[in-house]
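Scroll down for the structure; my scribbles are underneath it.
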Amino acid sequence: MRRLRLTIHHLYADMMNLYGDRGNVISIKKRCEWRGIPVQVVDVGLQERIRPTGCDLFLFGGGQDREQALLAEDLSGSKGADLRAIVEDGGVVLGVCGGHQLMGHSYETPEGEELPGVGIFDLHTEPRKADEERLIGNVLVRVLAPETGETHEIVGFENHGGRTYLGEDVKPLGEVVVGYGNNGKDGTEGARRLNAYGTYLHGSLLPKNPWLTDQLILNALRRVDESFELEPLDDTMEGIAFSSVAGRVAGRR
Ligand code: GLN
């Protein structure tokens, strides 16, 4: 069997790391290393091409409107087309908050500037109205994992002004149990199409939700070896971290 090496492409690592979303990269990297799976991290900045290796995972963190405007420009040409092609081919992409928003058709800033998205997800994001608050707080979301048919919960932290609305051709990542999610109205959180995932959950998301981290890793490795299995890890600490937040959040149910 070919020795797999996973390449994590960290898109706009320095610009889109508003709430420590770099922790998602660290979580994937460690969970591979603990299993002896070779893994490398490649930062992909402005004007730098995405260079898939054949065993890849692409991460896109959260950022402020100013950074999002720079990204929208950078993604408006061949780079965005490359990312769309990667998703259509089953590539594993995770976009968080600002990344989630820019994976849709458009993101409108509070100043009324409409930033073009990559068009991976059939969704758009509108600014909060003058009398609306930013959507901030801990979040508990119920996720039905299509790969296994199992229902899981994920926890995280959200802080966004944008309200995201899903179209017909995309599913939510999950349903909000506690918190706001995409728009604070329709009970949806995030987006999922093929192996592309969008979410508003910072935290960072993955360290406290190890099942999701492993699902992303597995989806990436199985594109090369569909029989690949991940050895289980001792997730005691991750479970304590999850329960600590879920317990606090559940108290708000
Ligand atoms: N600037 C976007 C908003 O406020 C996204 C913020 C973020 O990435 N946390 O909606």
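Glycine too: its Cβ is placed from the backbone N, Cα and C atoms.
Computed from a predicted structure; not experimentally measured.
Now, the feature entries from TrEMBL:
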DOMAIN    7-209  domain 'CobB/CobQ-like glutamine amidotransferase'
ACT_SITE  C97  active site, nucleophile
BINDING   R134  substrate binding site
ACT_SITE  H202  active site
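Features per TrEMBL, on structure.
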residue: C97; record: active site, nucleophile; DSSP class: coil
residue: R134; record: substrate binding site; DSSP class: coil
residue: H202; record: active site; DSSP class: strand
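When the alpha carbons of C97 (active site, nucleophile) and H202 (active site) are compared, the span between them is 8 angstrom. Across the domain 'CobB/CobQ-like glutamine amidotransferase' (7-209), mean pLDDT in this model comes to 96. Of the recorded positions R134, H202, H202 has the largest number of other Cβ atoms within 10 Å of its own Cβ. Taking only the Cα positions, the spacing between H202 (active site) and the residue listed as 'substrate binding site' is 15 angstrom.
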